[in-house]
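Here's the structure, in C-alpha cells; my notes come after.
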Amino acid sequence: MIAMLTVLLYLGLILEPRTAVQAGHLPKPIIWAEPGSVIAAYTSVITWCQGSWEAQYYHLYKEKSVNPWDTQVPLETRNKAKFNIPSMTTSYAGIYKCYYESAAGFSEHSDAMELVMTGAYENPSLSVYPSSNVTSGVSISFSCSSSIVFGRFILIQEGKHGLSWTLDSQHQANQPSYATFVLDAVTPNHNGTFRCYGYFRNEPQVWSKPSNSLDLMISETKDQSSTPTEDGLETYQKILIGVLVSFLLLFFLLLFLILIGYQYGHKKKANASVKNTQSENNAELNSWNPQNEDPQGIVYAQVKPSRLQKDTACKETQDVTYAQLCIRTQEQNNS
C-alpha cells in the first residue's frame, strides 16, 4: 500500500508541471541555437529561449526526458535565458523545446529544435553529375556514398538558403551504401556549397563527419526570358538619355542659329535705311556735257541751295551752296 502511494505521488509530481504547461495560456517562447543547430563534436553551443518580460524561470525540455533537462533564471533583460553546452557529445544530441513560468502560470512549449552532433563516423564521398557548372533549368544529381552501411544520407546546402534533402540509403555489392539526390531544373538559388552526411536510423541526430564540399555554379541561359534583365534596362535607359540630350543640344543649336540670322538681317536692313536717307538728303551734282566742246564757250552756273545735315547729335546746321556749271559755246547762243 505504501509502495502504491509512493508511485502515485511520483506520477503526480511528474504530470503536474506537464499538465500546467499543456494548459498554459501564455504565448509560447522562441528557441534557437548559436552558432547553429548542427554542431561538430566537442565544440560548445548555446541554446536560447526567449519569452515574456514577466517570466521568472525558463525550462529546457529534451525529447524522451521526463523532467526538464535544465532550468535557468532570466538574464538582465528578463525576456530570455541561455543554456550552455560546453562540449557537444552524443548525449546532448536530440530534439529540444523550451517554456517559461511566471506568476500567471506556465507558457506553451516552443517549436521543436533539432540539435545535431557531427563527426561520430567517417565522412562519406560526394560527387555531382554532369557538372558543378551548369546553366539554369538543367537537372543534376548528387551522389553521396560511404563504405559504412548508413541507414540514411542527408544533403545540405550551406549558406543563406539552407536547403536540405534526406534519402534512405541504397546498397550494392561493390558499394555498401549510397544515395542519389536529383535536383530538377536548377536555378541560381541553388548556387552555393554542398556537403552530405550519413547517419543511422536509431540515432538521427548523430551524424558522420561532413563529406568533401562541392561548389555549385548555376548560370542564366541566354534566351531564358524575353523581358530585359536589369543590366539591359540600365543600358536602355542610358541610350534613351543620350538620345534626349542630343535632341536638346540640336534644338538649342538651331535656336542659336535662328537668332544669329535674325540679328544679321535686322542689322543689314538698318544699314540700308541709313544709306537711303543719306542719298535723299545729299545734293546731287548734275552735269551736262555738250558734244561739241569749245574753249571759248560761255559758262553758265545754276545754283541750288541745300542744307548739309551732320550727325543727329549736332544741333547746329550750316547752309551750303552747290553750283552746277553748264558750258555753252557762242555759236549755240547765236542760233
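From the backbone N, Cα and C atoms, a Cβ is placed for every residue, glycine too.
Residues or ranges marked as domain 'Ig-like C2-type 1' in Swiss-Prot: 42-125.
Marked as domain 'Ig-like C2-type 2' by Swiss-Prot: 124-212.
Around the Cβ of N133 (N-linked glycosylation site), the same chain contributes M217, S219, each under 8 angstroms and 6 or more positions distant in sequence. Look at N133 (N-linked glycosylation site): DSSP puts it in a strand. Residues annotated as N-linked glycosylation site in Swiss-Prot: N133 (among others).
Listed in sequence order, the residues of the same chain lying 6 or more apart from N191 (N-linked glycosylation site) and placing their CB within less than 8 Å of its CB are L216, M217, I218. The N-linked glycosylation site annotation in Swiss-Prot covers N191 (among others).
Per-residue pLDDT, averaged along the motif 'ITIM motif 2' (320-325), amounts to 53 for this model. Annotated motif 'ITIM motif 2' per Swiss-Prot: 320-325, in sequence order.
Swiss-Prot lists 261-335 with the feature topological domain 'Cytoplasmic'.
A coil conformation is recorded for N191 (N-linked glycosylation site) in the three-state DSSP classification, outside any helix or strand. In the domain 'Ig-like C2-type 2' (124-212), the DSSP tally of helix, strand and coil residues is 3 helix, 45 strand, 41 coil.
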